[in-house]
Amino acid sequence: MGKNVVVLGTQWGDEGKGKIVDLLTEKVSQVARFQGGHNAGHTLVIEGKKTVLHLIPSGILHDGVTCMIGNGVVLSPEALIKEIEELEANGVEVRSKLKLSPACPLILPYHVALDLARESKRGDAKIGTTGRGIGPAYEDKVSRRGLRLGDLLNEQRFAAKLAEVLEYHNFALTQYYGAEPVDYQEVLNKALELGAQLRPMIADVVDMLHTSRENGEHILFEGAQGSLLDIDHGTYPFVTSSNTTAGGTATGSGFGPLYLDYVLGITKAYTTRVGSGPFPTELECDVGKHLGEKGHEFGATTGRQRRTGWFDAVAVRHAVRINSMTGMCLTKLDVLDGLSEVKICVGYKDSNGAVIGIPCDAEGWADVQPVYESMPGWTASTVGAKTMEELPVEAVNYIRRLEELVGIPADIISTGPDRVETIVLRHPFEG
């Protein structure tokens with residue numbers, strides 16, 4: 001009997017999902033992306049070699065694994081072809097193993113132009129998007145005017161739809177944002193050229209997933225970003241434009257929720273965030289600087305320096321609930337090595353001292369003050385540990401306390417960037 005496992009981030013992204021997906025892929029026949037676009041970066045380190053993926057599932061580095069991009073992913077043909085060519089230049093076979101849903105909404109140059117124009121107009125109130133057209137592409141999908149990958153299979157139909165939607169967006173670009181219009185013919189020619197390369201990879205992803213399930217094969221669903229960036233459950237409006245939570249797995253792939261066996265929450269041992277938005281436990285001091293430098297906290301997609309802070313158990317417990325998580329994988333434990341004291345946010349209070357729960361808007365988040373619990377740190381190194389017995393007792397106590405606070409066990413603990421630097425207490429595909 002096969003198992004179907006979802007891997008998600010429990011924080012604001014950058015939790016280390018890429019390494020864990022790569023580790024788990026050894027057991028599966030298929031890996032599927034179900035939301036987001038090329039705004040997310042998945043960094044893998046295998047035998048010392050670093051690979052950064054943005055659209056293609058991390059399982060592409062494994063032989064015999066089919067990688068799928070489901071209908072919930074907004075797809076930039078240009079970004080995808082570039083990523084394919086980069087992998088091929090490094091000797092990785094991609095095209096025969098990658099399958100694309102024809103229902104994927106397309107990201108085209110006018111989406112990028114809109115994204116950049118909006119952020120520029122917002123000024124200091126900007127959301128902090130990656131400027132890659134993700135939000136505008138999802139807007140087109142919801143408004144039912146968006147072009148989809150399957151439209152490229154009929155060039156005349158694609159050209160007609162493009163003319164209509166580009167007229168709409170060029171009006172906004174020129175008349176509201178004061179930006180330059182996007183050239184129709186350039187967009188059309190480039191899209192058709194790239195579409196010809198993508199056409200052989202277009203497949204019925206829904207049917208392929210269910211055929212694998214019926215054949216008793218293991219399937220892994222790879223989430224992007226993190227639960228606190230979810231369009232509905234995140235720190236709105238400082239969120240992404242898709243459902244990054246477990247519910248998005250079903251809608252973004254066509255794989256029913258009752259078929260999912262295990263939801264693994266990837267959880268950093270401290271907290272980071274890229275760009276604007278609420279961050280109750282942020283540290284603007286030497287400890288925060290230490291976490292950023294030791295953790296190499298720079299975005300895989302944008303290169304922007306990440307903000308750093310203590311572990312927020314309130315936020316992670318919220319993520320556990322909305323995802324019905326089975327267990328967590330604790331990553332970057334080694335970054336806390338050398339600290340004499342570690343703190344955990346165990347509650348929120350407002351400016352009047354009243355205990356509060358998870359706010360529902362930016363104004364509510366602005367009033368949040370963290371309530372901390374302190375624990376002894378550890379000086380011994382945790383780097384490369386493969387068993388709990390190799391960890392300092394203080395590190396073990398820290399892990400156990402996090403388990404108590406968020407309500408799920410730490411089934412996997414990552415002690416370094418390489419896949420072998422991992423403690424596996426309960427394997428999602430074996431337990």
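The backbone N, Cα and C atoms fix where each Cβ goes, and this holds for glycine too.
The following features are taken from Swiss-Prot:
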ACT_SITE  Asp14  active site, proton acceptor
ACT_SITE  His42  active site, proton donor
BINDING   13-19, 41-43, Arg306, 332-334, 414-416  GTP binding site
BINDING   Asp14, Gly41  Mg(2+) binding site
BINDING   Asp14, Glu15, Gly16, Lys17, Asn39, Ala40, Gly41, His42, Thr130, Arg144, Gln225, Thr240, Arg304  IMP binding site
BINDING   Ala300, Thr301, Thr302, Gly303, Arg304, Gln305, Arg306  substrate binding site
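Feature map: Swiss-Prot annotations on the structure.
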residue	record	DSSP (3 states)
Gly13	GTP binding site	coil
Lys19	GTP binding site	helix
Thr43	GTP binding site	strand
Gln225	IMP binding site	coil
Gly303	substrate binding site	coil
Leu333	GTP binding site	helix
Residue with minimal Cβ packing [other Cβ atoms within 10 Å] among the binding-site residues Lys19, Arg304: Arg304
Those recorded positions, out of His42, Gly303, Gln305, that come within 10 angstroms of Gly16 (GTP binding site) at the Cα: His42
Binding-site residues compared (Asn39, Gln305, Thr415) - the one with the fewest other Cβ atoms within 10 Å: Gln305
Sparsest-packed among the binding-site residues, when each Cβ's other Cβ atoms within 10 Å are tallied, from Gly13, Gly16, Gly303: Gly303
Nearest of the binding-site residues (Asn39, Gly41, Thr130, Gln225, Arg304) to Gly13 (GTP binding site) - Cα to Cα: Gln225
Euclidean distance between Cα atoms of Lys19 (GTP binding site) and His42 (active site, proton donor), Å: 8
Separation of alpha carbons, Arg306 (substrate binding site) and Lys19 (GTP binding site) (Å): 19
Candidate with the highest Cβ count within 10 Å, taken from the binding-site residues Thr43, Thr130, Gln225: Gln225
CB contacts for the residue listed as 'active site, proton acceptor' [other CB atoms within 10 A, all chains]: 29
Pairwise C-alpha maximum, in angstrom, for the residues (Asp14, Glu15, Gly16, Lys17, Asn39, Ala40, Gly41, His42, Thr130, Arg144, Gln225, Thr240, Arg304) that bind IMP according to the record: 34
Cα distance (Å, whole number) from the residue listed as 'active site, proton acceptor' to Gln305 (substrate binding site): 12
Distance check against Asp14 (active site, proton acceptor) for the binding-site residues Thr130, Gly303, Arg304, Leu333, keeping those with Cα within 10 Å: none
